[in-house]
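Take a look at the structure set out below.
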């Protein structure tokens, strides 16, 4: 027997004794008739921790002189620390006030605090990355200008810079954290469906993503990549980390619901911190990341996105980039008559053109990703030296965009931000080019960015068309580079170029505008550029929030109706024929994500669970003992087993985790298990007595339609659901069977 005595605010006595099996059993009894509880401690080393919990106070262990007559008895005196410090009453009051503040902050408003921190942190990171990239681009352009008229050196400086940055980004990402490559949005979508991808939300991945994305953006317009996708991934990493901090600060268990709320809010903060657009950021995160969105999460996304957007805009003002808080790409279209009613037909045609172009882009991008994974030469190169592959692609892209070569017809001297500024220009370029004294300046003129699109031979129509043709396959090729990069901003800019060309063509056919009701209204090509950017990017991502994003970025709400019409038309075409960019990437990467129905919604109601469920069951009978459980575990690698009443009835009682069955084996104390042929009925324990059998709240029937099963899996974030017929277990459905059935249905096959 070993006795312990406590002294302090709450005096408690506890005695411990060792059982025949080697466990430590403790009995505690207080001075105020505290009820006795028996606590089993497996490891004697855990006794000090247990004693500290019983004492409920910070204490120091001091041996007591003397002892009982029993030589195995040892008494330890625990004295509260810091009793000698002065002003004990004042310190007690201060501790009480701090405890009250903690309760108020972390119980009443803990969500507000962490969401505010999420928005501020992501805005600081976004501004820091933009500031660093801007300085690196200025340094590259300064080097390019200082080389004089030596074309060889200019060509080397133009090409070597992006090659070095992209090769470093790829090599650093692949050597430290391969999961950081790519956009990250497909992985975030998969995580939010309940799939555990631990490596994608680690701090190591965060650091690699930041460094790699900075190098990718610093490579400039020749590579033509953005940061929205990686920033969504970064924001979700910070959200997951803040969620763990919240659970630690409030002493609460971090459940999946709280983690889901923080991740969805993180996706909203990412878009708002990139463009300063909080409303469209929330809507974009709902459409892209979430399969199902609860209204109770709405305020979290808006609050965090607003904090991030405000901080991002304030940092731009403090850095003297703007005089006050303005739209990032401010335009000043005519407010009185921004467009005429007959132009609505033109905006619908523009939406149809963007929809067709998006289908072609999505098909080519997905086909090229699949081809790279199938081609033996590229597979060997990617397996050995992925940095070499990125360097070769960067060499090709930068060589084509050399400003004194083909790049002079593609406005390659402009950065991506300047390209978007120029395409949203308020003026009509075909009118400006009628000035015979025009000449392209030796350096970029910030006040006349449109001059980079003008060539006396090609005209503005030829340069924009050449830009669209070349950037189409160049952007598809750039998406195959295994490095941290975003793909939303390039397609947004590409759509703006489509809209600008379309608007200039309309202005050419209607040089004096459209005459309606005695009023002559001029054509504004910049408005078509805004609509084209929203329509093409919305069709590629299968979202409608890009319409609001384009309007928030330009501060131009006068075109809200035609922009919405263009986006709706483009989405109607794209969603009918192609999966979204992110869903296509999920399909190519074979991530465990359930695809959406597109084009075969009607047939999904006719397919039942009985046609595609898995019938290879490995049930556990409630009365099984040691030998049966051992055979079940060795013959199956399942993490969850269904529990039935008996092998004859197959009535489903619940499920048991594999860890519970392992605990059952470890805790078994019977001696007849080592005897070959011992019947299970003769064992001392069975599964029903030892293991915790979890009830099954949701299950499928054999007549559940594929559409209903799909909705249940997405709504519940389920990984596995059992199928019963009249209460009897007949099979189960996992994400693998469900995804296979949806793919077969999309291909016109009958799921089997």
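Note: Cβ is positioned from N, Cα and C throughout, glycine not excepted.
Here the structure is a predicted model, which means the values were calculated and not measured.
Looking at 183-202, 203-222, 223-242, the range tied to transmembrane segment in TrEMBL is 223-242. Looking at 431-448, 557-574, 575-592, the range tied to transmembrane segment in TrEMBL is 557-574. The stretch that TrEMBL tags with transmembrane segment, taken from the ranges 367-386, 387-406, 407-426, 607-626, is 387-406. TrEMBL tags one of the stretches 491-510, 631-650, 651-670 as transmembrane segment, and that stretch is 491-510.
The stretches the transmembrane segment (557-574) and the transmembrane segment (344-364) meet in space: the count of Cβ pairs below 8 angstroms, excluding pairs fewer than 6 apart in sequence, reaches at least three. Model confidence over the domain 'CBS' (690-750) stands at 81, taken as the mean pLDDT rounded to a whole number. Here the transmembrane segment (458-479) has long-range neighbours at 223-225, 360-361, 364-365, 368-369, 393, 396-397, 400, 406, 409-411, 429-430, 433, 450, 485, 487, 490-491, 494, 497-498, 500-501, 504-505, 508, meaning same-chain residues at least 6 beyond its ends whose C-beta is under 8 angstroms from one of its own. Three or more CB pairs closer than 8 A are found between the transmembrane segment (344-364) and the transmembrane segment (522-550), so contact between the two stretches is assigned (pairs 6 or more residues apart).
Remote same-chain residues near the transmembrane segment (491-510) are listed as 343, 346, 349-350, 353-354, 357, 361, 416, 419-420, 423-424, 428-431, 460-461, 464-465, 467-468, 471-472, 475, 522-537, 540-541, 546, 550, 581 (criterion: CB distance under 8 Å, separation of at least six residues from the stretch ends). Below 8 angstroms of C-beta separation, residues 105-106, 210, 213-214, 217, 227, 231, 234-235, 238-239, 242-243, 245-246, 262, 265-266, 269-270, 272-274, 300, 303-312, 315-316, 319 of the same chain, each at least six residues beyond the ends of the transmembrane segment (112-131), sit close to that stretch.
Pairs of Cβ atoms less than 8 Å apart link the transmembrane segment (387-406) most often to 223-242, out of 223-242, 262-286, 522-550.
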